[in-house]
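Trainee: Have a look at the structure that comes next, please.
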Amino acid sequence: MNRLPSSASALACSAHALNLIEKRTLDHEEMKALNREVIDYFKEHVNPGFLEYRKSVTAGGDYGAVEWQAGSLNTLVDTQGQEFIDCLGGFGIFNVGHRNPVVVSAVQNQLAKQPLHSQELLDPLRAMLAKTLAALTPGKLKYSFFSNSGTESVEAALKLAKAYQSPRGKFTFIATSGAFHGKSLGSLSATAKSTFRKPFMPLLPGFRHVPFGNIEAMRTALSECKKTGDDVAAVILEPIQGEGGVILPPQGYLTAVRKLCDEFGALMILDEVQTGMGRTGKMFACEHENVQPDILCLAKALGGGVMPVGATIATEEVFSVLFDNPFLHTTTFGGNPLACAAALATINVLLEQNLPAQAEQKGDMLLDGFLQLAREYPDLVQDARGKGMLMAIEFVDNEIGYNFASEMFRQRVLVAGTLNNSKTIRIEPPLTLTIEQCEQVLKATRKALAALRVSVEET
């Protein structure tokens, strides 16, 4: 039987939510009630699968962990009042920490003036953010298109490459095995995990995948495409594969890919949605090899953990295909004043506090600790790797990885697996993590591994 709409029910639910938003604290009964409501609403109206996923990585199989607020720059507090060191970082959005006061203030100040733009008049913050990114990004990158997410920034990059290369008779895209570029139809065509791809086949034609980090495979693919008339429009890749398991290519790989793109007349699209904004110890990961892409994709941390912001930055030569008709690719909310205020404040914080350098220093400290633990627990840990504050611990099997996340939850440290490699647990904290908190994370990791060893030996 069809359910009839209920304005009264919707009004009551929204009023209840607004009341919660106004509250700073909850008493015990309110916390219990909120937990029950959230679990029920996720089950009935969001997706029950999220509950089972959360159950698999929380202590005691309890999926009732409901976050309530940021505790500090680097911590989260749940409705039970438990504080967790955030080593997940919202999959890389909290580079400048949770509720960074500079970012929050910029957004609040802009909110007091104008939350969204008219769509007709020229909006100043979009212009200022584009100018700032032109100054910040490497090489000849100059023009920016703004969106709301990483997958949107990749979609814009693919369409831009198509618009530029189609008149040249080039329609093929080369991506890499293990890649993750998003889940909308175009970006999913570049993503490499069958779990995400198969339900939506056929995807966009013209995409090929080669092994990541294998420059000879890349050369062969470009050469074979040229021989068959399937000339390559662009190569798209991540400087470090994030969801693939924090996979670092051999030194010099990006440089070699750049040379191949130049040789075959293909554009180089770098997806720095996860590696950008200081995460790896440089503002952009491509700067470790001084590589300059034709198109750069940003999102996640660009909004400072306060607003969703995506950006696709390109050279003038490439971007100029949109000059005659700037409406060829647009989005209603991309580049809105609140998002641009957040992005400008985020860049300011990253530069003022030199957070990329801090990411390098604290990342080295953490990785040294993880490598030492990997040597001590070879029966559990297969590898520890990373660059800056983008790290991973890979376990010998999936179950140990899940159990490790659960044990870390007991230690009040939040971690999770990578989407394309479930054996691998990512360590991706805010760049503002303190030295003391780094030490706490290493202690928690040691305790979690010790508990896992006992558990494995008992089975």
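Each residue, glycine too, has its Cβ placed from N, Cα and C.
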Trainee: Just to be sure I read the record right: Gly150, Thr151, Thr332 are listed as binding pyridoxal 5'-phosphate in Swiss-Prot. Which of Gln108, Gln274, Gln292, Gln382 is listed for the same site?
Mentor: Gln274
Trainee: In Å, how long is the longest CA to CA span across Gly150, Thr151, Gln274, Thr332, which the record gives as the pyridoxal 5'-phosphate binders?
Mentor: 24
Trainee: Can you see whether DSSP assigns Thr332 (pyridoxal 5'-phosphate binding site) to helix, strand or coil?
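Mentor: Looking at the DSSP assignment, Thr332 (pyridoxal 5'-phosphate binding site) belongs to neither helix nor strand, so coil.
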Trainee: Given a separation of at least six residues and a C-beta threshold under 8 Å, show me what packs close to Gly150 (pyridoxal 5'-phosphate binding site) in the same chain.
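Mentor: Residues satisfying the criterion: His181, Gly182, Asp271, Val273, Gln274, Cys297, Ala299, Lys300, Gly310.
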Trainee: Including all protein chains shown, what's the count of other C-beta atoms within 10 A of the C-beta of Gln274 (pyridoxal 5'-phosphate binding site)?
Mentor: 29
Trainee: Using a Cβ-Cβ cut-off under 8 angstroms and a sequence gap of six or more, which residues of the chain neighbour Thr151 (pyridoxal 5'-phosphate binding site)?
Mentor: His181, Gly182, Lys183, Ser184, Ser187
